[in-house]
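First the structure, in the form of structure tokens, and then the observations on it.
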Ligand SMILES: C[S@@+](CC[C@H](N)C(=O)[O-])C[C@H]1O[C@@H](n2cnc3c(N)ncnc32)[C@H](O)[C@@H]1O
């Protein structure tokens, strides 16, 4: 009996290491496992890979896009993957799910051709997970590739008229409770909320603030010829796509800082609000990491006023000190709880409290944040926000002004807080306060709402969704 000679075993092929995908996977693992923030975890990984000669500028841009895009659309990709995996997604190992999500993003959210997206993902799976799980990744991604993103959304989204919030949540990759909260604050119809949700999914251009008395906008523009002046703040400069703030001397020397234009407008409005009488003592009661404090300190210096910056977290207070180093006028940083003041009541002419919040106004720059937050977070912040505003009112003298700011437009963190605190000021020793119309203090900025407070929006103003209420202490 003749028999064929046994086939030689196939030589085991070492999986190819694609530095862009491996780096993106490492970043996703860090975000998932250590609850790291993508905007903090990614830059050192990119720097290390570039120093090792593994990535050029285009590779770094692709790795960034893969990480940010995968995280931002996680809810939508999970819904697609759930339809392609024959067991609940929570039973899929997290590293496998990260490879699948990265693959789903390449297939549904980029222009990478289907075959390249699948084969790069399978190769990544072989490299980081092994051959067995690579087969599973291959099978799932082939099912994902059966439709493009619109095709999947048509299959997965309920009709808009039946369930508008769920429809928008899936289509624009936001948790439903956030769609609901944003819509409550924004008002308007479908077109307006869709513009906002779409704007949340765009990466914002980097904006700088030239710190008064230390740098000028012209200096920044001359150093970065492709940069543009900001739209609203006279101190703002918007870098071109991919612009590196660290390449500017003024940023390295702390004379300018990265700061969204919305934050600049908040500081400028507080500084511009009319006060009666003395105007020499300013307080930032929640100063870390110091962006608004640096702008306020520069403005104070121009008017012969001094800024005290208080921050509860020592490490964040150190960041404030760094931001204020070199300020041309008097300023001081202290570690203090803004609710247990280290200052006399009525000591200040202007007070800012930019309180800790859910950050729902800055979803553009923190891609994973929307999936980490939950409505229960509001409960934990409610009494802190009220306590800080109340202390701020106590810190201002009669005739002085207080700015209450959040980088969240959620009504429970904005108007409701201010309304509650004002209503609660009834006791004989309590400060009294009235609203100031903040809108004229943001000159030239349209669409600020019905006042007296202001709400900025990414789709209207190109800023984070910062909220500002200005109050005058009356007694
Ligand atoms: C939204 S951030 C402020 C951002 C800052 N204004 C800026 O522009 O860079 C809120 C800050 O308040 C600090 N914080 C939280 N609770 C505080 C408290 N009870 N007293 C003082 N600061 C507090 C947080 O550590 C955080 O640094």
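Cβ atoms here come from the backbone N, Cα and C positions, even for glycine.
Per TrEMBL, these features apply:
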DOMAIN    182-474  domain 'SAM-dependent MTase RsmB/NOP-type'
BINDING   286, 287, 288, 289, 290, 291, 292, 311, 337, 354  S-adenosyl-L-methionine binding site
ACT_SITE  407  active site, nucleophile
| query | Any idea what the Cα distance is from residue 292 (S-adenosyl-L-methionine binding site) over to residue 407 (active site, nucleophile), rounded to a whole Å? | reply | 12
| request: Within 10 Å of each Cβ, count the other Cβ atoms, then let me know which of the binding-site residues 288, 290 comes out lowest. | output: 288
| request: Tell me the Cβ contacts of residue 407 (active site, nucleophile) under 8 Å, same chain only and six or more apart in sequence, or just say none. | output: 262, 263, 354, 357, 359, 361, 362, 464, 465, 466, 467
| field | CB contacts for residue 337 (S-adenosyl-L-methionine binding site) [other CB atoms within 10 A, all chains] | value | 15
| task | Report the largest Cα to Cα distance, in Å and rounded to a whole number, among the residues 286, 287, 288, 289, 290, 291, 292, 311, 337, 354 that the record lists as binding S-adenosyl-L-methionine. | result | 19
| query | Any idea what the model's mean pLDDT is for the domain 'SAM-dependent MTase RsmB/NOP-type' (182-474)? | reply | 97
| note | Same-chain residues at least 6 apart in sequence with Cβ under 8 Å of the Cβ of residue 286 (S-adenosyl-L-methionine binding site), in sequence order, are 310, 311, 312, 338, 352, 353, 354, 355, 356, 388
| field | Cβ neighbours of residue 292 (S-adenosyl-L-methionine binding site) where a neighbour is any other Cβ within 10 Å | value | 26
| field | residue 292 (S-adenosyl-L-methionine binding site): secondary structure state under DSSP, collapsed to three categories | value | helix
